[in-house]
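Peer 1: Here it is: the structure, laid out below.
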Amino acid sequence: MSNMNKFGVVTIIGRPNVGKSTLLNYILGEKVTIISSKPNTTRTVVKGIKTTKDYQAVFVDTPGIHNARDKINRLMVDQTVSSLSMVDVIYLMMEPDEIFASEFNYIMSLLNELNIPKFLLINKIDAYKRHEIYKMADTAFKKGKFKYVLPISAKKGTNVEKLLSLTVEEFSSTGAFYDEEEITSIPEKFLIAEFVREQVFNYMKDELPYDTLVECESLEEENDKLFASVSIIVKRDSQKGMIIGKQGQNLKNIGKRARQNLKRFFGVPIHLELWVKVKSNWQDSDEYLSIQGL
Ligand SMILES: Nc1nc2c(ncn2[C@@H]2O[C@H](COP(=O)(O)OP(=O)(O)OP(=O)(O)O)[C@@H](O)[C@H]2O)c(=O)[nH]1
C-alpha cells in the first residue's frame with residue numbers, strides 16, 4: 001500500500017508525580033481514548049491512543065518499573081522489561097532536580113538491553129531555572145544512552161509537538177491502523193495480535209512480514225487462563241508455506257516466543273492457537289479496512 005500511515009507504540013516511564021498523566025492528557029487532548037480497566041484485572045495496559053491523519057500512536061503503561069528496589073520487585077521489573085520489546089519508543093521522564101541514583105542506573109541498565117530508542121524527557125521546565133535544566137541534560141547525556149534529551153513542560157505543552165514529531169519518526173509504516181472504538185473494547189486482542197506480529201518480523205525475512213496481516217479473532221478467559229485464536233494472513237500460498245516452515249518449525253517458533261512474551265505481559269498463561277490463511281487481496285478487503293478504521 002502506498003500512503004500507509006505510521007503506527008507505533010510508546011511507553012512513558014517515570015516515578016510517581018513526575019507528570020506522566022499530564023503529558024498524556026496534553027498529547028491526547030480532548031479526544032482522550034481512555035481504556036477503562038476491568039475489575040479484577042491488571043492487564044489493561046493501553047492508556048490512550050492518538051490518531052491523526054498521518055499516524056496512530058498507542059500509549060501503554062509500564063507498571064512497576066520504578067519500584068525496583070527489592071528482589072521481588074526486580075523480578076517483576078525484569079518481566080516488564082521483556083514485555084517492552086513490542087514498544088517502538090520509550091520515554092523516560094524526570095524532573096530537573098532528580099538525582100541519577102542507583103534506581104536510575106538500574107532502570108537504565110535494563111532499558112539499555114533493549115534496542116529501542118529512548119528519549120529522556122526533562123519535565124516541568126516551567127518551574128525550574130535554566131541552569132538546573134542544562135545540568136540535568138548534561139548529566140543525562142553522560143549517564144544514559146538516550147536518542148534525545150528533551151526539556152518539556154507537560155503542563156504548558158512546551159516542546160510537546162516537537163516530541164511527537166521525533167517520536168513518529170521512529171515509527172514503522174507497516175503496522176495496522178486500528179479503529180479507536182474497537183481498540184477501546186478489545187485492547188487485549190490488539191496486544192495479542194501485536195505480539196504475534198512481532199514474532200513474524202522476528203522469524204521471517206525480507207518482504208514477507210510486510211505482506212502479513214495479524215488478527216486476533218477470538219479471546220476468552222477461563223480459570224485464569226487466556227485462550228486466543230490468531231490468524232496470520234498472507235497474500236500467496238508460497239508465503240503460507242514459508243510462515244509454517246519445515247515440519248511447522250517456523251510457526252512453532254513464532255507461537256512459542258509470542259506465548260512466552262504474552263504470558264509475561266499478562267501475568268497469566270495463554271493458550272495460543274495460530275492459523276495461517278491466504279487472502280491475496282487482504283489489503284483491499286473490508287475486514288482490513290475496518291481494522292484500519294477507514
Ligand atoms: N509546573 C509543572 N507541573 C507539572 C508539569 N507536569 C505535571 N505537573 C504537575 O505534577 C503533578 C503530578 O502530575 P501527574 O501527571 O499526575 O504525574 P504522574 O507521573 O502521572 O503521577 P502518577 O499517576 O502518580 O504516576 C500534578 O500536580 C501536575 O499538575 C509541568 O510541566 N510543569
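For all residues, glycine too, the Cβ spot is worked out from N, Cα and C.
According to TrEMBL, the record shows the following:
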| type | residues | note |
| --- | --- | --- |
| DOMAIN | 6-174 | domain 'Era-type G' |
| REGION | 14-21 | region 'G1' |
| BINDING | 14-21, 61-65, 123-126 | GTP binding site |
| REGION | 40-44 | region 'G2' |
| REGION | 61-64 | region 'G3' |
| REGION | 123-126 | region 'G4' |
| DOMAIN | 204-280 | domain 'KH type-2' |
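Burial and contacts for the listed features, if you can.
Peer 2: The average pLDDT computed over the domain 'Era-type G' (6-174) stands at 78.
Residues of the same chain lying 6 or more positions beyond the ends of the region 'G1' (14-21) and with a Cβ under 8 Å from any Cβ of it are 66, 91-95, 98, 121, 123-124, 154-155.
Cβ neighbour count for Asn17 (GTP binding site): 9 (other Cβ atoms within 10 Å of its Cβ, all protein chains included).
With DSSP states grouped into helix (H, G, I), strand (E, B) and coil, the region 'G4' (123-126) comes out at 2 helix, 0 strand, 2 coil.
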Peer 1: What are the helix, strand and coil residue counts for the domain 'KH type-2' (204-280) according to DSSP?
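Peer 2: Once the DSSP states are binned, the domain 'KH type-2' (204-280) shows 33 helix, 29 strand, 15 coil.
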Peer 1: So how many of the residues in the region 'G1' (14-21) end up helix, strand or coil by DSSP?
Peer 2: 2 helix, 1 strand, 5 coil
